[in-house]
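According to TrEMBL, the region 'Disordered' annotation covers 1-28. If you look up TrEMBL, you'll see 165-436 marked as domain 'SAM-dependent MTase RsmB/NOP-type'. Per TrEMBL, the feature S-adenosyl-L-methionine binding site maps to CYS253, SER254, ALA255, PRO256, GLY257, ASN258, LYS259, GLU277, ASP304, ASP324. Among the features that TrEMBL reports, active site, nucleophile is placed at CYS382.
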Amino acid sequence: MVRSMNNVTKPKPQKQGSSGVGGAKTRMSNAERSSYFARREAAKVLRCVLQGDARRRAVASIKSLVFSPSVRNKKATFALVCETLKRLSVIKEVLEIANVFNAKWKKQEELIYIITYDILFSQAIVLSGDAEKFLLLRKVALESALARFCVRKKVKSIEELLLLNHQAPGVSKPRYVRVNTLKLDVDSALLELAKINTVKKDDMIQDLLPCWCSHQGVICTVTNGSIFLQGKASSMVALALGPKPGWEVLDACSAPGNKTVHLAALMRGEGKVLACELHKQRVELLKDTVRRSGASNVEVLNRDFLSISAEDPMFSKVRAILLDPSCSGSGTAAERLDHLLPSNAAGFTDTIRIDNLAAFQSKALAHALSFPAVERLVYSTCSVYQTENEDVVKSVLPLATSLNFQLETPFPQWSRRGLPVFEGCEYSYPMEPLVS
């Protein structure tokens, strides 16, 4: 066992030449049209992000949502979502002071947040769309509300106000690109990416390329599934399991599916990967990942892993299990841009939730050990908490030993090990340095 760190629809276009309030007719330029749709794509992503944060269960990271095929203008959408989130607490206060919301626009509050950011902070707003015109008519009120908020906070400028927001510092580091060897070989990917980026081969993972590049530099390849934007810690998990071509493998908690399709690639498309996911919305995300990867040996199951009987004949030939269960996500907060979310900006720490997660993780790990033909099992989280890592492993070690499992070392060259709280902790792998 090893521990690693660790139907969005397009907005209905307006008829050509129809835009504005009260039936006024204007023709949108290409730039205006692009901005119009980018704001609405950003609003869709923002709604998904904020709803997930409120439930403490994200459907996917901000980056995964933006880089899905359904989003066309990825660069503009990503920027709008991130920049709006950075200023969200200020935007909410300004809208409340200006008393802008009414019943109609409350239903589209994420779009209002996006446009308010554009009006107050980007100065790039154009007259396209009813929501834009609604807020532009109230621009003076919004600016006045922002000024009053600065006075309330005892700051002299907007810049000083924004500095009050809790933000993680920017760090210059590579964006890891995992080559999907079902579609593309590593050397070809290296040559292609090197045309516009600084890129090299990773020293540990053969199909992983550290890449210093802008996101838009790899969009086309990400969309067609030849490569996946996937961190080093995440990429180590399937490699640690090391499934052989022809095996049957179970990915117990598989959405969004990057590890699932990595397993399929390591198996060269041979054998079978059973990808289990409980939540229907995440199942759709998983199916999309599998489709893009071209992995024909993955079977997606909308099932609760804990409800699966180890004696079910469907799983009688499973020889390896990857268990990457729900966790706090504390180890990937910076990488996922979770520091931009309202709960983290407020310094929210839910110890009760972490304890509940650990209880679920221990139960799931014990259940994974009960499958009769299993030879290998990897337990991974993206948490930095001992509660979800060493303590979970320690809790199931007696059961694992009684079933003739033993801890192994898939990455002997990796220098860092787990906390010394149980015998064999040297077999676990903290990955915090990769995302700090």
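Note: Cβ is positioned from N, Cα and C throughout, glycine not excepted.
No curator has checked TrEMBL annotations; they are predicted automatically.
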TODO: Tell me, if you would, which residue among CYS253, ALA255, LYS259, ASP304, CYS382 (recorded positions) has the fewest other CB atoms within 10 Å in the structure shown?
DONE: ASP304
- [ ] Using only the residues recorded as binding S-adenosyl-L-methionine (CYS253, SER254, ALA255, PRO256, GLY257, ASN258, LYS259, GLU277, ASP304, ASP324), report the maximum Cα-Cα distance in Å, whole number please.
- [x] 19
Task: Distance, the residue listed as 'active site, nucleophile' to CYS253 (S-adenosyl-L-methionine binding site) (CA atoms, angstrom) - done: 13
Task: Cβ neighbours within the same chain of GLY257 (S-adenosyl-L-methionine binding site) - under 8 Å, at least six residues apart - done: ALA275, LEU285, LEU286, ASP288, THR289, VAL290, SER293
